[in-house]
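Each remark here refers to the structure printed beneath this line.
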Amino acid sequence: MNPRSLPVAASLDAPDPVLERVLIEDTNNSSQGGERNFLAHQPILLDQISKSFRGEVVNRSFSMKAANRNDEDLENGMLEKDIEKSVRSNKVVTVHNKALLSGVAYCISSCSMILVNKYVLSSYGFNGGISLMVYQNFVSVVVVSSLRVFGIISTEPLTWRLVRVWLPVNVIFVGMLITSMFSLKYINVAMVTVLKNVTNVITAVGEMYLFNKTHDNKVWTALFLMIISAVTGGITDLSFHAIGYTWQIINCFLTASYSLTLRRVMDTAKQVTKSGNLDEFSMVLLNNTLSLPLGILLILLFNEVDYLSRTPLLLLPTFWLVTTFSGLLGLAISFTSMWFLHQTSATTYSLVGSLNKIPLSVAGIFLFHVSTSLENSASILFGLLAGVFFARAKMQDKSQTRS
């Protein structure tokens, strides 16, 4: 799951706040009466005709129309019951299509996000990871604010009380995005997805100590398999880069911290809002708005201003087009993840997120021409399958806990 579901930046597996918010809330708490009488619309017959004869005419007329209607239905292979079944079937198909469409949209946007970020950082050779993060978040703020101004969405006002409560979460959020950018520059996409499994291990241990949450043996077995795949993947990685792996390990700890801190802060944040709730759009605007001044400060501290003043990339229209597109993709993940979650369930959402890593890893290897060995490919596949096994184990663990 991608951390910039608020919106997502470069990391794919960070806790998705849409799903996170659902899990937190779970933890803490035939047609109208037949046909109208068409006789009322029939012209009045001649007054000289007797009432009995008029009744006969009416009865015959009604019988003929009913017979004609039934004949038409029979020609189409339908009777009234068949028509009702067809209507119900169409409703089911519509719902299923919405779920499928939302799932495809979520998978495409989440895969595209990390691939585009990799393209900007590696193919373009852009060394301003913090600046890229700030620009992407700025794009998100502009789009969400515009939607709010036009009345398409509504968000909570950013009060000082809410900012003070949310600031610790936002600091971790910014660190998570930046370290994800730094690691993605040096490590191939497939290994990033495998190494991010370590986040699940740290989160599980944190839940055990902070929330007294227990997990069954299947969950711990899956976590153990994730650790093995990460270690073997690193050992067999032909493009191993110590700096990239260091940033990724730091990212795993920050991502787990973000998930655990979000659970503690969410209830307090809701209490200081005017509506008593904090929806996804409000979190997108809150997180990204607060990240801008902090990101600018980090740009100055890391001296990216000097790099930005010298790089010719900022003069290329295509570079601005790609970076703007990456910002829109981050926001698209927020919307599609919300849409997908509303059309299905948290369980399906989580499982699809795990399965989504497989095509992402394959695409990353082929699109960026990554040199790999049979051992490394086996380690990557092993890690991806361990992630799917972990998602299923978590589902079973959750269902057993509720029962």
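Just so you know, glycine gets a Cβ as well, placed from its N, Cα and C.
Remote same-chain partners of the transmembrane segment (99-121), defined as residues 6 or more beyond its termini with a Cβ less than 8 Å from a stretch Cβ, comprise 2, 4, 8-12, 129, 132, 181, 184-185, 189, 192, 319, 322-323, 325-326, 329-330, 332-333, 336-337, 339-340, 342-344, 348, 352-353, 356, 359-360, 363-364, 367-368. Annotation source TrEMBL lists transmembrane segment at 99-121 (among others).
What TrEMBL lists as domain 'Sugar phosphate transporter' is 101-389.
As annotated by TrEMBL, transmembrane segment applies to 133-153 (among others). Within the same chain, residues 4, 7, 9-10, 174, 177-178, 181, 281, 284-285, 287-289, 291-292, 295-296, 299, 323-324, 326-328, 330-331, 334 sit at least 6 positions outside the transmembrane segment (133-153) and bring their C-beta atoms closer than 8 Å to a C-beta of that stretch.
Residues or ranges marked as transmembrane segment by TrEMBL: 165-184 (among others).
Under the heading transmembrane segment, TrEMBL lists 219-236 (among others).
Sequence annotations record features per position, and here TrEMBL assigns transmembrane segment to 242-260 (among others).
Among the features that TrEMBL reports, transmembrane segment is placed at 281-302 (among others). Sequence-distant contacts of the transmembrane segment (281-302), counting only residues of its own chain at least 6 positions beyond either end whose CB sits under 8 Å from a CB of the stretch, comprise 6-7, 17, 21, 128, 130-131, 133-134, 137-138, 140-141, 144-145, 147-148, 153-156, 158, 162-163, 166-167, 169-171, 173-174, 177-178, 273, 331, 334.
Annotation source TrEMBL lists transmembrane segment at 314-341 (among others).
The annotation transmembrane segment is assigned in TrEMBL to 348-370 (among others).
Under the heading transmembrane segment, TrEMBL lists 376-393 (among others).
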Result, the transmembrane segment (348-370) in contact with the transmembrane segment (219-236) (3+ CB pairs under 8 Å): no
